[in-house]
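Peer 1: Supplied in structure tokens, the structure appears directly below.
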Amino acid sequence: MSTIVAQSHFIFGLRTGVSNNLCFFDEHTVVFPSGNSCVCYNAAQRCQKFIPGSEKSRGMRALAISANRRYLAVSECGERATVTVFDLQHEQGRKRKVLTAADALARDFVCVAFSPDSKYLVGQTGGPEWMLILWLWEKQKVLATVKTSDPNNSVTQVSFSPYSNTHLCVSGRGVFKLLRYSEGSLKQSGGPKVESVDILCHTWASGERAIAGTDKGRLLVFESGDLRGEINVASTAAQHHSDRSEEGARPRITAILSYSKGFACSLGPGAVCLFEKTEEDGYRRSREIRIPPDPRSNELTPAECQEIDTMCISPAEETLAISTDRGQLYSFSLSSVEIHKKEHFEFLLQSFHFKSITGLSVCIRKPLVATSSLDHSVRIWNYETKLLELYKEFQEEAHSVALHPSGLFILVGFSDKLRLMNLLIDDIRTIKEFTVRSCRECAFSHGGHVFAAVNANVIHIYSVTSFENMLNLKGHNGKVRGIEWSLDDTRLVSCGMDGAVYEWNTHTGKRESESVLKSCSYTDVAFSSDCKTILAVGSDLTLKEIQDCQVLKEVPADEVAHTALAVSHSGRVVFTGTSSGTIRAIKYPLPLQKEWIMYQAHCGPVTKMVITFDDQFLLTVSEDGCLLMWKVIDKEGRGLKSNRQIVHTEEILVTKSDLEEKNMLELKMRLEELQMENEYQLRLKDMNYNEKMKELSDKFTQQIESLKTMQQVCLSPTKMEKQEQEHQESSTEATVKHSLELKDLELSYSQKLIVEHKRYQDLQHEYQSMQGDSQKLLKAAEESKVQSLEELTQLFEAKLQEKTQLLVQYEEDAQQQVREFKEFTRQVEEDEGRLIHDIQINYEKNLMTQKVAAVPVLCFSSFFLSRQIDDRCADINQLKQERLRLLGLIRSLERPHIGSGKTPQNKLSSTEFRSHIQDQTICSLKKKNQELEKLKFILDFQLSELNNKTETQQDDINEKREQIHQVSVCVCSIISCCG
């Protein structure tokens with residue numbers, strides 16, 4: 001069975017309290033801290049890459065990215081404060097160097113920065129030392145240190161001049177210093193007296209100019225370390241905040257950033273102002289960008305009141321991104337700015353929780369996950385599309401959440417009540433409220449017909465259809481911390497702070513089994529995949545498996561406590577979350593030893609974790625406000641195979657009133673569009689009619705004027721008759737003249753027509769002759785084309801024939817060479833074969849000779865040794881018999897001496913003499929034995945040398961055989977290639 005592992009896939013959340021916690025890696029990728037990792041998020045591809053933090057880290061304090069966008073420096077707290085430099089261009093963010101404060105006492109580095117050429121790194125330690133350390137980081141060498149502040153004033157930012165590797169700026173409360181690295185030390189090159197000024201941020205505008213923002217809303221301009229002036233930031237932004245701040249108070253400038261056109265700075269909560277350079281070496285305010293308010297609220301929303309922590313701009317200066325103190329990320333496209341409109345930021349990723357997440361739940365029919373938080377919000381996420389589907393804020397803190405298996409309803413536990421709500425298309429709306437106060441745990445059954453809710457130490461069972469309180473499960477003496485339904489919904493398991501784990505019958509309300517350990521405060525409980533055993537974790541640093549009121553197994557957890565657990569539906573793995581924020585994958589059935597795989601996940605205790613019903617994702621949440629998605633895979637990277645075929649639905653709930661309201665809004669919008677269109681048409685018609693009226697008015701005015709003139713003329717009748725006669729004469733003359741002109745025109749046009757007709761005929765003849773010529777030319781061209789084609793064909797056929805002959809000749813040459821090579825290889829094989837045979841015969845002869853020479857020596861030595869050993873054994877046996885005989889003689893001589901009281905001196909002396917002779921014989925035999933052992937050793941040594949020589953010769957023979965085999969293989973491969 002292959003090992004099951006978890007692979008970090010996607011995370012929702014931002015780690016606040018980290019200096020410079022947002023920076024651009026490239027035009028589409030940002031880097032920010034989340035959980036216990038740094039996340040590289042590509043906004044175009046919607047994917048993330050994780051750079052995990054150190055195992056024993058107590059938290060990140062600062063980030064910095066190099067000017068060439070390749071290296072990332074991460075400051076972490078721990079037993080020793082460290083700064084780790086990662087290579088972002090490496091696939092997994094390879095760790096390059098780990099820097100420490102050397103001999104200096106440092107609990108943390110509050111801010112870090114790279115030099116413009118990315119070779120140097122500077123880190124500012126925290127109080128009370130406030131030491132600034134400069135490294136040549138590639139060699140992990142400390143170049144210089146200097147104290148930058150006293151214990152009463154804090155440093156908030158340090159930076160290199162973008163135009164120099166040796167100029168630095170340090171700012172903070174009552175601190176603004178320019179430092180220069182020279183001759184192995186950091187020296188202050190200038191600095192005004194700013195003891196009463198709290199400088200929150202600064203940026204370099206040029207090689208000598210720096211701009212700093214203060215807590216009083218002032219923008220101070222420093223030149224070469226001296227205060228030169230102040231930029232006026234009075235604007236509508238200040239007026240916007242004046243109604244909710246003290247009179248005369250100005251917004252804090254918490255972040256500032258310079259770019260090619262000028263600089264950008266925060267101007268109070270939720271606002272960023274852009275300043276552009278002017279020709280007078282000054283700055284003018286160009287535009288203001290704001291965090292958008294909640295569209296469902298007419299009042300000032302918390303989103304608008306967020307303080308801006310960090311600002312960064314993309315390498316091409318097309319996108320501005322910010323992070324806020326409420327853990328949100330926003331972006332704004334600078335290339336599509338419409339100056340005359342109100343500009344607003346957009347979410348860079350999604351809206352995040354910014355306080356501890358208290359509840360987590362998934363459903364069966366939809367890829368949704370619900371979370372509740374102490375930030376008064378409930379969020380519905382889609383773990384497949386990695387989008388926030390729904391979001392709603394409430395007046396109270398949300399302590400627990402449960403999704404209905406259909407994904408259409410949700411339970412949320414608040415401080416005062418438990419609410420059952422509908423998940424609508426764009427809202428979360430309450431259906432029913434239950435009088436369950438401070439509900440810390442709630443869960444729907446797998447069938448979705450009932451749900452369980454916890455009130456202190458009592459578990460209430462309610463019907464989803466009738467909302468009736470069906471059962472009250474009582475028995476815990478402490479608060480219930482975890483509940484879970486069995487697969488068939490007939491049983492419910494619960495655990496509490498009283499050290500009790502109970503298994504309830506949900507039909508009768510009775511306890512079926514129990515396990516009580518008062519020394520342990522349980523935090524979470526779950527059924528195994530087959531619901532035969534119960535798994536529980538608690539404060540005693542163990543993972544327990546319980547069955548029939550007995551603890552079957554215990555897996556110790558070392559130094560940290562398990563706080564949450566989840567069991568895969570396949571029953572192959574158990575995941576646990578710890579108080580340090582790590583995740584552990586433990587094989588199931590549980591091992592007897594401490595065997596698990598540990599992953600860096602969160603920077604706070606894991607509060608909840610759950611596995612989706614298809615076993616594809618593990619979801620974990622923590623007190624750090626982050627939702628982390630893990631892919632559950634085996635060691636080969638394949639997802640787990642599930643026996644459950646789950647088809648996700650896309651249906652959503654819409655109330656009738658909402659649908660009618662939507663239709664009314666659509667009709668209203670259509671009506672407004674029609675009204676606007678009609679108004680436009682009416683305006684067009686009015687304009688046309690006004691123009692026509694003006695034309696008619698002008699025409700009638702002219703006619704009136706002409707009639708007035710005629711009236712004046714008609715007052716004299718004589719003149720009128722005279723004019724009439726003149727008019728008749730002139731008309732007659734004009735008629736005659738016109739008739740003559742008409743005849744002349746007819747004559748001239750008839751002549752022109754004749755000329756043009758003749759010209760047409762000439763052109764037609766010319767066209768026909770040109771057509772004939774062109775046909776002749778075309779025919780000649782066709783004939784020349786055919787002729788040239790034939791010539792080319794003949795030419796290339798001749799070349800082809802020549803090349804074919806050359807190819808045949810080359811093939812014959814190649815075959816001849818192959819034959820020659822085969823003959824050569826055959827001769828080489830024969831020669832090598834004869835040589836190998838001769839060598840083999842010689843070595844075999846030598847081996848046989850050595851073996852024959854060694855046989856007599858071995859035989860002689862073995863025969864001689866055996867002969868000597870037999871003789872020695874015979875001598876020893878003879879001496880033993882002689883010794884026994886002498887002992888018997890001594891005893892026989894002692895008996896008469898005892899009976900008579902006389903000492904036979906003569907017999908005793910003779911016996912002693914014999915004993916002396918025998919002792920001398922034994923000593924001589926021992927000496928002979930030693931000499932024989934020496935001879936045996938010499939013969940053994942000679943025999944071992946002969947054996948070694950024989951083995952060496954045998955190794956040489958084997959080596960030659962291997963060489964012969966290799967030569968044969970090479971010859972065969974050459975022959976096969978040539979053939």
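Positions of Cβ are set from backbone N, Cα and C atoms, glycine also.
According to TrEMBL, the coiled coil annotation covers 657-710, 800-827. According to TrEMBL, the feature domain 'EML-like second beta-propeller' maps to 358-632. The repeat 'WD' feature in TrEMBL is assigned to 350-385, 473-514, 599-632.
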Peer 1: Under 8 Å between C-beta atoms and at least six residues away from its ends: which parts of the chain pack against the repeat 'WD' (350-385)?
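Peer 2: The answer is 10, 12-14, 16, 326-329, 391-407, 410, 412-413, 423, 428, 440, 443, 446, 604, 607-610, 612-613, 617, 619-627, 629, 646, 648-649.
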Peer 1: Could you give the residue numbers and ranges of same-chain residues that sit at least 6 residues beyond the repeat 'WD' (599-632) on either side and whose C-beta is under 8 angstroms from one of its C-beta atoms?
Peer 2: 4-13, 15, 34-37, 52-53, 55, 59-60, 327, 352-362, 364, 367, 369, 371, 373, 375, 381, 383, 386, 563-570, 573, 575-585, 639-640, 642, 644, 646
Peer 1: Across the repeat 'WD' (350-385), what does the mean pLDDT come to, as a whole number?
Peer 2: 95
Peer 1: What counts of helix, strand and coil residues does DSSP assign across the repeat 'WD' (599-632)?
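Peer 2: Computed counts for the repeat 'WD' (599-632) are 0 helix, 19 strand, 15 coil.
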Peer 1: Do you know the DSSP helix, strand and coil residue counts for the repeat 'WD' (350-385)?
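Peer 2: Reading the DSSP string over the repeat 'WD' (350-385) gives 0 helix, 18 strand, 18 coil.
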